[in-house]
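Working notes, structure below.
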Amino acid sequence: MKDRAGGGRGSLPSEASVEERYTQWKSLVPVLYDWLANHNLVWPSLSCRWGPQLEQATYKNRQRLYLSEQTDGSVPNTLVIANCEVVKPRVAAAEHIGQFNEEARSPFVKKWKTIIHPGEVNRIRELPQNSKIVATHTDSPDVLVWDVESQPNRHPVLGASASRPDLVLTGHQDNAEFALAMCPTEPFVLSGGKDKSVVLWSIHDHISSLAADQGAAKSPGSKGGAVNGKSSDSPTIQARGIFQGHTDTVEDVQFCPSSAQEFCSVGDDSCLILWDARTGSAPVVKVEKAHSADLHCVDWNPNDVNLILTGSADNTVRMFDRRNLTSGGVGSPIHIFEGHSAAVLCVQWSPDRSSVFGSAAEDGILNIWDYGKIGKLDGAGTGSSNSPQGLFFRHAGHRDKVVDFHWNSSDPWTIVSVSEDGEKTGGGGTLQIWRMMDLLYRPEEEVLAELDKFKSHLLTCAS
């Protein structure tokens, strides 16, 4: 199992308390969730991403889901393309969603295609302009790009040769394992690695050719890349730019939502760096001591480009305003969110609401936050201090570290999350697809009006 560098300084919950927390959570599923699917994995997956929506029906939509299988070597590592049935809001019966078997596969998740991946898949990112194109990171310096529709479906048996990537992006001098991002405005790819650099590519010219020669054999003259030291006959793309400013491994990168030329990165040097490809390869702003430990993740708000989130091995999530990143030479966050007891591995803004985001950590919890609620009294009017400021939902359905999650932009309050709790479930980990009850996030007036209607309906029935 690969472990992210750093590690949380907080104490991980004990086995007993995790089981207790899980039992309590499961009893509340019918009350807190509109829908939940629990899928026991055969092998751990370090990444989970939504692909394109395929079809819409009356009660559910079908959508692609990208996962991976990190194996023990008895069979090859794979990139898995699954079809997922996403049940629409207010369709699933409350009494059914809490009745699932932790050791079973979910009927809502069906494997559609398997790609034999050269090395384990550490991260998957889809291209926003064309989400059938995905990039992956493995334990090598290269970024691999796949057209999942045209790739042949493979049977992962011991000794099977690896699938051939449609494109190999070269430029790192050492392994690049986690930091990977696709640009929302142009077909650009960004990566960070152990060589302490951030590398930018444009896959413009190749996207059109990928579509054109889906079945055509590559000419013998096409340049081959080396994947994990093995020569492959995939075309390669050289970097557009290599950006240096970190003094340790780069752990995550993200594009500015409104510009393909601006991006940011975080690393094990506790720094957050903002870059602009138009001004050269040096940092525009370097935020020293953005956290008090390694930074694992970063996200840039698609609905408010001034806001950037970072998550760290110091167990906190911090929100920075790019107009005012530092004070006295060190990071000056607008707010520090403290709701995890171990290293934060993943942060992501909601695609739907500019003040909402999620954070997942090694403590097995996926927290949903709304910074718009900070400083406001909670519904009970007590503003009780035992709940962290801005926290409004805790997803406690995983029993070990939550390694990745992704909001669904086609169905904005539906989230897929994956954890490494294989020992507890007799499998390789747990994938969950879930949507909280809409009464929890809709505007208060709307919710109260609906509950009022429901109340009068009940009174009528009673009489």
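Including glycine, each Cβ sits where the backbone N, Cα and C put it.
Per TrEMBL, the feature domain 'Histone-binding protein RBBP4-like N-terminal' maps to 20-87.
Residues or ranges marked as region 'Disordered' in TrEMBL: 213-237.
Sequence-distant contacts of the repeat 'WD' (243-285) (same chain, at least 6 residues past either end, Cβ-Cβ under 8 Å): 4-6, 176, 178-186, 188, 190-194, 196-200, 291-302, 305, 308, 310, 312, 320, 322, 325-326, 331. The feature repeat 'WD' is assigned by TrEMBL to 243-285 (among others).
The repeat 'WD' annotation in TrEMBL covers 288-321 (among others). The average pLDDT computed over the repeat 'WD' (288-321) stands at 97.
Look at TrEMBL and you will find 337-370 (among others) tagged as repeat 'WD'. According to DSSP, the secondary structure content of the repeat 'WD' (337-370) in residues is 0 helix, 18 strand, 16 coil.
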Mind checking how the repeat 'WD' (288-321) divides into helix, strand and coil residues in DSSP? 0 helix, 18 strand, 16 coil
Pull the DSSP breakdown for the domain 'Histone-binding protein RBBP4-like N-terminal' (20-87) and write it out as helix, strand, coil residue counts. 13 helix, 37 strand, 18 coil
